[in-house]
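Beneath this line is the structure, given in structure tokens, with notes to follow.
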Amino acid sequence: MTQPSYRIERATRSSTIGLAVLGLGLIGLLLLPLTGDRATMRLIVEIAYFLALAQMWNLLAGYAGLLSVGQHAFIGFGGYMLFALVAHAGFSPIYSLPIAGLLSGLISIPVAILMFRLSGPYFAIGTWVVAEVFKLAFFEVPALGGGSGMSLPLQAVRDIAPSAQGRELIIYISALAIAVASVVAVYALLRSRYGLALTAIRDSERASASVGVDTFRLKLGVFVAVAAFTGMIGALIFLQKLRISPVAAFDVMEWSAAIIFIVVIGGIGRIEGPFVGIAIFFLLRETTSDFGAWYLILLGLLAIAIMLFARQGIWGLIADRYRINVFPVERQVHLDDHRQRQASSTSLTPTSEKH
Amino acid sequence: MDWIATLLQGLLLGGVYALFAIGLSLVFGVMRLVNIAHGDMIVLAGFVSFAVVEVLGLGPILSLAIVLPLFFAFGYVLQLAVLNRTLGDDLLPPMIVTFGLAIVIQNGLLQSFAADSRKLSLGEVETASIALGTDIAVGVYPLIIFATAIVTILALQALFYGTKIGREFRATSDDPEAARLMGINTKRVFAVATGVALVVIGIAGVLMAIRTTFDPLSGPVRLLFAFEAVIIGGLGNIWGTLLGGVTLGLAQAIGGAIDPQFQVMAGHLVFLAILIVRPRGFFPKVAH
């Protein structure tokens, strides 16, 4: 009897093809500014930051099980920190992006300590209350424009780049960088040992605690990291808009509702999910925006239907049916016995039968 | 005597929040479901009443005769056809489904009624007041709302502790599995419970629509106030919910007396402070 030889692989054929397609797409997007199509560039910027926000919420809710409805707290806070740093501390707008993110991470620590007292759905609405408190607080800061908000000082706008075209290019590249960084960061985290622990928490928090996962510390870490990243995205959003106000910065519908539906429709607990959700969201919005708020109604109905009939989301349906996986976070054991390669995978993606 | 007036005002405002919160408390108490569309359902009741008043020419109070049966049926069908399928260990489906419902109601109202603010009128009662002493007076209408909140709670208690369906509510709330073994159709019990909750929401919505202006997007704030009242009072305790509403109302009134800008913020801050010292509210009844 010889020992059966085996290899452990993470890449699959679908992941190689999928990553190649995404890489090519990214190269295409990097070449887009050459065409000078500024309207498309602006749309891509929006898609990029929505994707990054969706990746962050997916990590928070889909893996760490923290169903926050109040992530707009950190989007608005990050945006306001950028304006404060630029207008009152003389920072350059681009360098302010990561600092705004850092400050959002800091403020999220007391928020987490308070909110982790609430469980499940109460945590969800509790975070929403925190976002309301943030909004009302910025109403009371005259230095940041109070209730009517403020514009980015002209000097700071010129600081980004002297020409409008140069500014749009810098924002465009920054948005792409943030989107790519969000995907890479989540992917790398999930492939690390923390990813294994997070996946365990997602499947059963109690069971993972019993095998030695420090669920509180891990969840706190994810909450703070996600808040920091979300704050940086928020800073970029309002840097592009060049204007901020409490109502726009802390808008639950625009930021939290849309992001949550994107993730759920695409497939929560999978990195591919937000991509699919983003595609559906922008397709719906761009084709029906002439009819007012109908795309939001459709989005809401679609999210309800997904929860009732296909909880793994649209990407989950595709992936389960055709066994494809663009971002494999699990390991696969291939037995090289009798030249017959039999793949058996220890599934770390959510199984649909479970529900 | 200003501060007495402020406290009275806060107490009566608390009645409004308690009335908002009872439906949320009820749905949570029976089936552990947090209805994110709660605030939007309150606003929806206001709009349905508004439409009934416009089309049939009835008064707002008479419109309840149409709004309440309609809302009972809405809750019953919603629970039976949709929400029952979401109940289970996974917290995500009920949250997303009620959130989706919130978006559908908000934007549906926006499409059919536009973004204008509306208000229902009840005539003289709205502005009538009773003088207490020389410089203090209480509004008749806020008193009516406060009394309605208390009567609603008493009626629910009679329902819970004096009827067969009430016994089934409590049994299902304590242990759905065991209730099912005893031959209780828990799905139907849940449907009736949501129907009853929607009746309370209907009452709250119509009374609110007479008291203040409302528009399609004014639901979420009402959800947050209702949620705060429920948490402050203690999960699943309906008298606690009244106390939670009054606490919130007093916090807002006192905050508003210090600085009108500070009114809503004061309510949120008191809620967060109570969360620090009493994370499970004053009178928690439900173990998590």
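In case you wondered, yes, glycine gets a Cβ from its N, Cα and C as well.
As given in TrEMBL:
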{"type": "TRANSMEM", "residues": "B:12-34", "note": "transmembrane segment"}
{"type": "TRANSMEM", "residues": "B:41-58", "note": "transmembrane segment"}
{"type": "TRANSMEM", "residues": "B:64-83", "note": "transmembrane segment"}
{"type": "TRANSMEM", "residues": "B:95-114", "note": "transmembrane segment"}
{"type": "TRANSMEM", "residues": "B:140-161", "note": "transmembrane segment"}
{"type": "TRANSMEM", "residues": "B:189-210", "note": "transmembrane segment"}
{"type": "TRANSMEM", "residues": "B:230-250", "note": "transmembrane segment"}
{"type": "TRANSMEM", "residues": "B:262-283", "note": "transmembrane segment"}
Long-range neighbours of the transmembrane segment (B:189-210), counting only residues six or more past its ends (CB under 8 A): 16, 19-20, 22-24, 26-27, 30-31, 35, 38, 41-46, 48-50, 60-61, 63-64, 67-68, 70-80, 83-84, 87, 118-122, 126, 141, 144-145, 148, 152, 156, 159, 165, 168-169, 172, 179, 222
Contacting positions for the transmembrane segment (B:140-161) when only residues 6+ beyond its ends and CB under 8 Å are counted: 9, 11-16, 18-19, 22, 26, 122, 125-130, 169-170, 196, 200, 203, 207, 210-211, 238-239, 241-242, 245
Residues of the parent chain within Cβ reach of the transmembrane segment (B:262-283), under 8 Å, 6 or more residues beyond its termini: 221, 224-225, 228, 230-235, 237, 239-240, 243-244, 247-248, 251-256
